[in-house]
Amino acid sequence: MTSDRAVGLDREGEGPQRATLLELFLDLVFVAALALTSRSLAQRLDWVGAFQTVVLLLAIWWVWSVTALVTDLYHAQRPPIFPMTLWVMFGTILLAGTLPTAFADDALLFAGAYVAIQLGRGIFLVAALHRHAARVHATRFIFWFAVSAVLWLAGGLVAGPTRGLLWVAALAIDYGSAWLRYPTPRLGRIPTSQYTVAADHLAERYQQFFTLALGDLILLTTLAYADNDTTLDRTAALLLAFAATVLLWQIYVHRAGALFQATIESSRDPGGFVRSTPNTHLLMVAGVVAASAGFEVVIAQPTDHTTPWLAAVILGGPALFLAGRARFEYEVFSRVSPPRLVAVLILIVASPALMLAPALVAGLTATLVLAGVAIADNIRARGNPPEQPNPST
């Protein structure tokens, strides 16, 4: 997203720089979306389930990410933007409600809801900015979402592997066009000089969404514990899930997470950073979603053998989070702490070693590795002055 002077709508000058209550209200529906995505993965731990989860998560993330950028540029509670936010919220409720059957009976409804959200948002923006230069940017968004809409709706009308392929192609258009700055016939690309954001607001929004993802982990593990008989091993699994949640949060906020705003403000290429940040946080959120599915299974069946797919989510989830966190650290400091890379390697190597071990042991291993990273972070920070951001872009 970009910024032009849309008087009365933009956040520049006297505009509020913190997230509004309306934006937090919007986030509530994404808690349900993330929880349903994780639960669907937990109920189908195989190649098909993993593929479907990736597609659904990419769609959910793109709805939230684009909306976050729009409300970063414009007052969410101003009359033209307020109904747009409610439109996105209702569409996301509909989208979330179809997630369990998005690849079955509700495929067209899921695709239609996604298309309606993305195109509807663009139409609201064009109407709100009809007297401003920024309208041309909203036109670019409509063009590219209209292109991907053809594939989304076509996927909703067909069945089998073709649906998945069409939706992957649609996602490639959505993500690729944003990365390429929406190159549009006759309009060209969005100039990098026009990528401006309210750094404190955008940083806060991504931190809030990551916290929501951790809320998904707490919600699913608590529900799994409540849905099964209370036993000592299940209680131990719940304790591990809680400890892992705390460690994920601590690792995220350590140094780089706390300097998110300062990094945007000091970046040599804020536009490049703004385009990169969604993908970095997507990796971390995906890791939490996978870990949520894994701990849900561990709590339900703590003494069962660790299957290859359970190992993939209970250990691969934290590994994916750490990979995203390493990339985030590189974006902020132009370096990566070795303990993160070592931890990812340990999680990968441990996966085959834990086959046939009780699921509780796999959960313990994941939690201990995260604890090791958190301890290494604290040791590195102890006695050293606060590190200042040195953005890679």
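The chain as shown is numbered from 1 upward.
Every residue gets a Cβ built from N, Cα and C, even glycine.
The model shown is predicted, which means the values in this text are computed figures rather than measured ones.
TrEMBL annotations:
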| type | residues | note |
| --- | --- | --- |
| TRANSMEM | 21-41 | transmembrane segment |
| TRANSMEM | 47-69 | transmembrane segment |
| TRANSMEM | 81-103 | transmembrane segment |
| TRANSMEM | 109-129 | transmembrane segment |
| TRANSMEM | 141-159 | transmembrane segment |
| TRANSMEM | 165-182 | transmembrane segment |
| TRANSMEM | 209-226 | transmembrane segment |
| TRANSMEM | 238-260 | transmembrane segment |
| TRANSMEM | 281-300 | transmembrane segment |
| TRANSMEM | 306-323 | transmembrane segment |
| TRANSMEM | 344-376 | transmembrane segment |
Report task. Please figure out which one of 141-159, 165-182, 209-226, 238-260, 344-376 racks up the most CB pairs under 8 Å against the transmembrane segment (47-69). Result -> 165-182
Query raised in the report: Out of 165-182, 209-226, 344-376, which stretch touches the transmembrane segment (238-260) the most, going by CB pairs under 8 Å?
Result: 344-376
Query - Within-chain partners of the transmembrane segment (165-182) [C-beta distance under 8 Å, separation at least 6 from its ends] - result: 55, 58-59, 62, 66, 111, 118, 137, 140-141, 143-145, 147-149, 151-152, 154-155, 158, 189-192, 271, 275, 279
Query raised in the report: In the same chain, who gets a Cβ under 8 Å from the transmembrane segment (344-376) while lying at least 6 residues past its ends?
Result: 233, 236-237, 240-241, 243-244, 247-248, 250-251, 254, 291, 294-295, 297-298, 301-308, 310-312, 314-319, 322-323, 326, 337
